[in-house]
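Student: For reference, the structure I am asking about is given below.
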Amino acid sequence: MPTTGIFFNVNGKDVKEENVDPELTLAYYLRNKLGLRGTKLGCEEGVCGSCTVVIGTWDEDQNKAVYRAVNACLVPLFHVHRTFVITVEGVGSRDKIHPIQDRMARGHALQCGFCSPGFVMSAYALLRNHPNPSIKQINAAIRSNLCRCTGYRPILEALYSFSSESGGCCGGKKNGGGCCKDKNSSDEDEGFDEKLLNFGDFPKYDSTQEIIFPPSLRTFVDTEKQLILSGSRIELTLPKTLEQFKLERNDRNVISSGLITRFVTSRNPKEFSQKWISTKYVKEFNEVKVESDTITIGSAVTIQKLSETLSASLQENIASEIGRFIQKFSSQQVANFATWTGAIVSAAKSSVSVSDLLLLLNVLDAKLTLLTENGDLVQTEIGRFVEEKQFENTVVNAVFSRNDNRRLFCLKLGETSEQDSTNFNFGALIGNKSNRIFVGLGGQPKRLNGLESYINSGKSMDLEELYKESQVEKNYNFTIALTRFIEFLNHKEHGKSSEAVNYIQYFKPTHNESVGRPIANYFNERAITGEALYVNDIQTHNAVHLGFVLSTVPHAEIINVDPSEALKLKGVCGYFGVTDIPGNNVPGLQLANMNFPDNTTIFADKKVESVGQVIGVIAANDVVLARRAARLVKIDYKGLKSLVDFKEAREAESLLGDVKNYGKDEKIMNECLEKSSKVLEGEVEIGGQEHYYLETQSSLVIPGEGDELVVHCATQGTSFTQLMVAEAMKIPAHKVIVKTKRLGGGFGGKVNNASWIACMCAVVARKLNRPAYGFLSRADDLAITGKRHGVYAKYRVGIDSEGKIEGIYYKAWLNGGWSKDHTEGVTMVMGVLVDEVYNMGTVRFEGYPVKTNSNSNTALRGYGNPQSKLLNEGVMRRIAREVKKDVEEVKKLNFSFEGHHRFLGTKIHNDSLGECWECCTNWSEFEKRKRKIEEFNRNSKTVKRGIAMSSVRFGLPHAGPSGHGIASILINLDGSIQLSIGGTEMGQGLNQKMLQVCSEALKRPIDTITIVDTSTDKITNAPETGGSQNADTNGLAVLACCNRIMSKLQPILNKNEGEWEKSIREAYAAYIPLQCTEYGTVKREEFGVGEMESPYNTTGACAVEIEIDILSGYNHVIRVDMVMDVGESLNPAIDIGQIEGAFMQGYGLVTCEKITFNRETGYLDQNSAGKYKIPKASDVPKDFRVKLLGINKANGAQVYSSKGIGEPPLMMSCGAVHSAIMYCIDVWRKENGIEEFVDTISPLSAERIQKLCSK
């Protein structure tokens, strides 16, 4: 009888599992069976890296363990047989923290913390194999891990500290006037620290202290019998020998790693029966033989091992290029587990897939050994294998020649960079009058025989001639390939050199005990060790999970909903839709909603207005089953006319609400423009942006007695969510307790959206009287939730002869999507603050909230301000072109300053815009570098550099009901302190700042204070967390609490000479309250500030130097200098982290992040984690400098003279990056005789840059 169990080890503990379901992933097993919740689920596509774990295997040839980082969300559990699985919990804990975790935690290398365990595990695998890694190896190890919060700089710096190559600023001149390498900065930067911390102070990494490879795995004697594993739909055979494989192969689907097959199968919701057989454990499929003339690599060998073997064993001309080429594979973790055969066979079966490995094996003329259906071993060329579709045969191995001394050239191109999924590739093996040249166009690469012969002829390497001989139709990608190929033939190296890393963080140190110090977030150690719990990590008994039934059409009547097929599945508990809501299906319209009214429905009611709109939910016993069942629900529609296309909706005058008008009336505005000496006009197009928080929307609702509900929700507004759930369930709000411990990122996307998911969970929880989880997959999150508003705008600006603005008339159309959500608010903010840093004379703004049949767009970091910034960047560039001045000169000419009034009459208070601009100009050596760039551009035809400055003004705190905070303090009889605030922690460091404020005010050590979850049973009616003001509003509330308590406690402390614990006991005995709740409000009248004016402004300036490759359209940020006035920072590490993170998010907004819809089907084109591109660690500038200005213009800042920070850096960042790229484009266009002005168009993707830089 065959055996049915697998044996492995997890974190030092042996595990034996019987009858493993072949569809079960390692991630779900670790999280749900073993309770190891440190392995996070961010995408379940193998893209984000949050689920990274390490798999160790014993290499008998090397007689040592080898460790690989893999995506646990993709790896089938059945393939960890005889392996050592290590999760973040096994690496270290708070009691015994690992050096990686320690350096990241104390090095401020995490914010929301959701992605952090994945980074730890990728770095851990590297250190286990290479205890003293190179910078290049570190970059390679984490290149497939995504972070949305930090901007990557602190992660890189923490990990670079493990390399002896690490350099950059060491902070060696503490308070001595600037970087020790930068003599020019010493006077200006007197009194600043240059580093948040020095990693030289950390203990040296000792690899001998690591957990050993389990002896049980080495001594384990595996049965010679094959394994048979049976699930509900799949039966899997795992043979151990080639003979067993031959006997069992018939009528079975052959798999190797199983990554692709399992992933595709999991997307199929239907009941079926399949049989698989794996090559994974067959010796012959795993053999690697390096002989004198050949290399033989088994078909079950991973992509990474294939690369390493070829790189180590072939001639240098070939080996080095293979290493570089495979290094650009889209995911390191996938390459570590996926097999090369799985990659080539899946690509060969596709007519559109472009495979790097299939191209490489063709170029290298690899010979495949095949096992035929008759059991014979035959050898064939790889091209023949694909062209003749010999897929009924099983690939046993590939054979490569070691005697080839030709030169190898490979190129791959993706949408955003060379480390993206491949859109196009090209490979050539040149020399000895025998060439092999292939181009990847989908499926089997095309051999270019004519080009091979032409190269041998020795004729001119002219681009047009190469095109002619290749017989490939002209296109951007092939032009790039031929251009690079010509450089290769001429022995010219192409590619950016490895710049030295220079990370600098300037701030003024403080003498305070708590406030103003760069203290590591108390939560960092919890997150970095996997201890921190997010909503989907909370475990509860007898819960159901929701699968979301989504609209598949953009606009239609719902004729019928049939869940019968879904309900047949064992473990499915029911279908729930609009008729199951006991209260209001549109809770955002209730009077208690103090935000803008929102007509979003929880469940679609009789019609759908967007693809991705939620029609109903399936409840099931596990989330995989729930999602599968949801796809079986049949919906009958009657189609209605849809307006998916933004332009069509504008032309149809489809609006979500009234047009918003701000500023002067139209007649006055037109009269002003008529009087101007020059009127310029322009049109601007700004795309949307996805939040891409790593933790998707998540809620857990637990029903209680008497209609009570406890709602654990990843929400930025606990009170808002409480009101929405209460309204939907037709119960008073006091029956609903909403709890939020932390968010895995928010950025504005977890206010309204989070509340609707909580409402759905509440409906199911009450109906079934069971806890209900609502945890969106990344694909569902992308489909359901709104994004940043795309904008189309027109402007007419009147200027004088110098370029000074006399008046400007804006008209802006905002893509709101299918319901109101925050569209009216974003339109208002864009309009009210459209003048941003400028004095524009007479101003009129008309805002049109457009309704389209697409995602209902919502709040996102900046809330209308980034759109204003990009709009005005175009205006300033247009004026500069007209008056023949530098853009920066025109910007400065039009600045408004402290004491001036904005266009709606509010006065500018406590503002350092001028100081920030001058400091950044000098610190960045802007003019000197600009002259060098001009010289570079004169001598470079295909690479252009640009430099630009931008600035920001952001008034805080906001006027109106949202501009207050609430806090509660409880002092226990042992003297410990419990703090609760109305704001939610989502990575911005709010909780840490409030701990420091409380510590400073009470004069108590920070470790005697704890901050508990934000919960409506402690704090109610708290405004939503956002708008960059929460350290102000909540900080004022904390100070009010501390002052009230200390007013009666201080006399007792004085009597007891400051002995805290004794004084607390005496206060208790004297009936003195040891707890209180207070509001924090801004006393505007005390500072001479008007009711609608901002008491202070957070200001900043940013200089960005960037480089673009004209051919590929790729960009590369060379250097960034950012100067921010944050008053007297509550925590410089947190504020600098916010600045750096905002820069990278702003960079993504204007470069790689695209939001587009199929106008026919209504589907989002970027409907998966792999298709939506956020910046990676490789995009971080090697020279990244941040400076907190350090002057005191914070009279209106009442929390220890600090200023808010979260959003402002994003505005100036996206402005500077966009203008720097446009500088490059404008230079190229001018050199090539194209005078037409290009106004703001965003994002400037590689494809768009290519088009703008073409004749």
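Quick reminder: no glycine exception, Cβ is built from N, Cα and C everywhere.
Below, the features straight out of TrEMBL:
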- 4-91: domain '2Fe-2S ferredoxin-type' (DOMAIN)
- Cys43, Cys48, Cys51, Cys73: [2Fe-2S] cluster 1 binding site (BINDING)
- Cys112, Cys115, Cys147, Cys149: [2Fe-2S] cluster 2 binding site (BINDING)
- 229-406: domain 'FAD-binding PCMH-type' (DOMAIN)
- Phe329, Lys412: FAD binding site (BINDING)
- Gln716, Phe747, Arg861, Gly1027: Mo-molybdopterin binding site (BINDING)
- Glu1207: active site, proton acceptor (ACT_SITE)
Student: Using the centroid of the Cβ atoms of Cys43, Cys48, Cys51, Cys73 as reference, list every other same-chain residue with Cβ within 8 Å of it (recorded [2Fe-2S] cluster 1 site), in sequence order.
Tutor: Ala27, Lys40, Leu41, Gly42, Glu44, Glu45, Gly46, Val47, Gly49, Ser50, Asn71, Gly118, Arg778, Ala1169
Student: I need the CA-to-CA distance for Arg861 (Mo-molybdopterin binding site) versus Cys51 ([2Fe-2S] cluster 1 binding site), whole Å please.
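Tutor: With distance taken Cα to Cα, Cys51 ([2Fe-2S] cluster 1 binding site) is 26 Å from Arg861 (Mo-molybdopterin binding site).
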Student: Which residues does Cys115 ([2Fe-2S] cluster 2 binding site) neighbour through Cβ under 8 Å, counting only same-chain ones at least six apart?
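Tutor: Listed in sequence order: Lys40, Gly42, Cys48, Gly49, Ser50, Asn145, Leu146, Cys147, Arg148, Cys149, Leu694, Gly744.
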Student: Just to verify: the residue among Phe329, Phe747 with the fewest other Cβ atoms within 10 Å, which of the binding-site residues is it?
Tutor: Phe329
Student: Return the residues near Cys112 ([2Fe-2S] cluster 2 binding site) by Cβ distance under 8 Å, restricted to its own chain and a separation of at least 6 in sequence.
Tutor: Arg148, Cys149, Tyr693, Leu694, Glu695, Arg742, Leu743, Gly744, Gly745, Gly746, Met986, Gly987
Student: Give me the non-local Cβ neighbours of Cys51 ([2Fe-2S] cluster 1 binding site): same chain, 6+ apart in sequence, Cβ-Cβ under 8 Å, ordered along the sequence.
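Tutor: Result: Ala27, Thr39, Lys40, Leu41, Gly42, Glu44, Asn71, Ala72, Cys73, Gly118.
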Student: Rounded to a whole number, how many Å is the Cα of Lys412 (FAD binding site) away from the Cα of Phe747 (Mo-molybdopterin binding site)?
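Tutor: Distance between the two Cα atoms comes out at 34 Å.
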Student: Rounded to a whole number, how many Å is the Cα of Gln716 (Mo-molybdopterin binding site) away from the Cα of Phe329 (FAD binding site)?
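Tutor: Distance (Cα to Cα, whole Å): 37 Å.
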Student: With the cut-off set at 10 Å between Cβ atoms, which of these binding-site residues ends up with the most neighbours? Options: Cys73, Cys147, Lys412.
Tutor: Cys147
Student: Which one of the binding-site residues (Cys43, Cys48) has its C-beta surrounded by the most other C-beta atoms within 10 angstroms?
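Tutor: Of the binding-site residues Cys43, Cys48, the most buried by Cβ count within 10 Å is Cys48.
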Student: Going by C-alpha positions, which of the recorded positions (Cys43, Phe329, Glu1207) is nearest Phe747 (Mo-molybdopterin binding site)?
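Tutor: Comparing Cα positions, the closest of these recorded positions turns out to be Glu1207.
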Student: Can you tell me the CA-to-CA distance separating Gly1027 (Mo-molybdopterin binding site) and the residue listed as 'active site, proton acceptor', as a whole number of Å?
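Tutor: Checking the Cα atoms of Gly1027 (Mo-molybdopterin binding site) and the residue listed as 'active site, proton acceptor' gives a distance of 7 Å.
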Student: What's the longest C-alpha separation between any two of Gln716, Phe747, Arg861, Gly1027, the listed Mo-molybdopterin-binding residues, in angstrom?
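Tutor: Output for Mo-molybdopterin binders Gln716, Phe747, Arg861, Gly1027: max Cα distance 12 Å.
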Student: Who sits close to Glu1207 (active site, proton acceptor): which same-chain residues at least 6 apart have their Cβ under 8 Å from its Cβ?
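Tutor: Those within reach of Glu1207 (active site, proton acceptor), by Cβ under 8 Å and sequence separation of 6 or more, are Arg861, Gly862, Tyr863, Asn865, Phe954, Gly1027, Ser1028, Ala1142.
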Student: Within 10 Å of the Cβ of Cys149 ([2Fe-2S] cluster 2 binding site), how many other Cβ atoms are there?
Tutor: 28
Student: Gln716, Arg861: which of these binding-site residues has the sparsest Cβ neighbourhood within 10 Å?
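Tutor: Per-residue Cβ counts within 10 Å for the binding-site residues Gln716, Arg861 bottom out at Arg861.
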Student: Round to a whole number and give the Cα-to-Cα distance in Å for the pair Cys43 ([2Fe-2S] cluster 1 binding site) and Phe329 (FAD binding site).
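Tutor: If we compare the Cα positions of Cys43 ([2Fe-2S] cluster 1 binding site) and Phe329 (FAD binding site), the gap is 19 Å.
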Student: For Mo-molybdopterin, what surrounds Gln716, Phe747, Arg861, Gly1027 with a Cβ no more than 8 Å from their Cβ centroid?
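Tutor: Sorted by sequence, the hits are Gly746, Gly748, Gly749, Ala859, Leu860, Tyr863, Met986, Thr1025, Gly1026, Gly1206, Glu1207.
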Student: Starting from the Cβ centroid of Cys112, Cys115, Cys147, Cys149, which together make up the recorded [2Fe-2S] cluster 2 site, report each further residue of the same chain whose Cβ lies within 8 Å of that point, ordered by sequence.
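Tutor: Near the [2Fe-2S] cluster 2 site, the remaining chain residues are Leu110, Gln111, Gly113, Phe114, Ser116, Arg148, Thr150, Leu694, Gly744, Gly745, Gly987.
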Student: Taking the Cβ of Gly1027 (Mo-molybdopterin binding site) as the centre, count every other Cβ atom within 10 Å, in any protein chain shown.
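Tutor: So the number of other Cβ atoms within 10 Å of Gly1027 (Mo-molybdopterin binding site) is 24.
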